[in-house]
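Per Swiss-Prot, topological domain 'Stromal' is recorded for 1-72, 145-152, and the stated evidence type is sequence analysis. Annotation source Swiss-Prot lists topological domain 'Lumenal' at 94-123, citing sequence analysis. As annotated by Swiss-Prot, transmembrane segment applies to 73-93, 124-144, with the evidence given as sequence analysis.
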Amino acid sequence: MINYIKPYGSNPFVGNLSTPVNSSKVTIWYLKNLPIYRRGLSPLLRGLEIGMAHGYFIIGPFYKLGPLRNTDLSLLSGLIAAIGLIIISSIAMIIYGIVTFDNSENNDKLQTANGWRQLASGFLLGAVGGAGFAYILLANNLLSTSTPILQT
């Protein structure tokens, strides 16, 4: 077992260990295909893709576990709470980009404040759209036939 775990890049001062999980070709391929690391995407499209996925799944906990879960308004309150969290997250992303990066020219657009602003804008648009899409599916009871866990 000791032969499988080595310092990352054979440098013990990096602070990371190279294990069979984090250095395998499958893991590296998977991480390179995530939208945040995928080459050729603008920050707006990266944010849009990330936002759609997050907006779609973020409505569920508010809908099923929120304080109005046993009322007729549970789905609507879940949508409103999800949109509120999405707005707060987008504002936090914009603030992070402003305080972390400057507006100097960089080959990677995500390493600039303007790139992070575009990422946050795409995230906001995609997440609200994803939450709205999930709301439409749940409101029309389209998921109840395929997933019995939602019928409670």
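Glycine is no exception: its Cβ is also placed from the backbone N, Cα and C atoms.
Taking Cβ pairs closer than 8 Å, the topological domain 'Lumenal' (94-123) reaches residues 36, 42-51, 54, 86 in its own chain, all 6 or more past its ends. When the topological domain 'Lumenal' (94-123) is classified with DSSP, helix, strand and coil residues number 21 helix, 0 strand, 9 coil.
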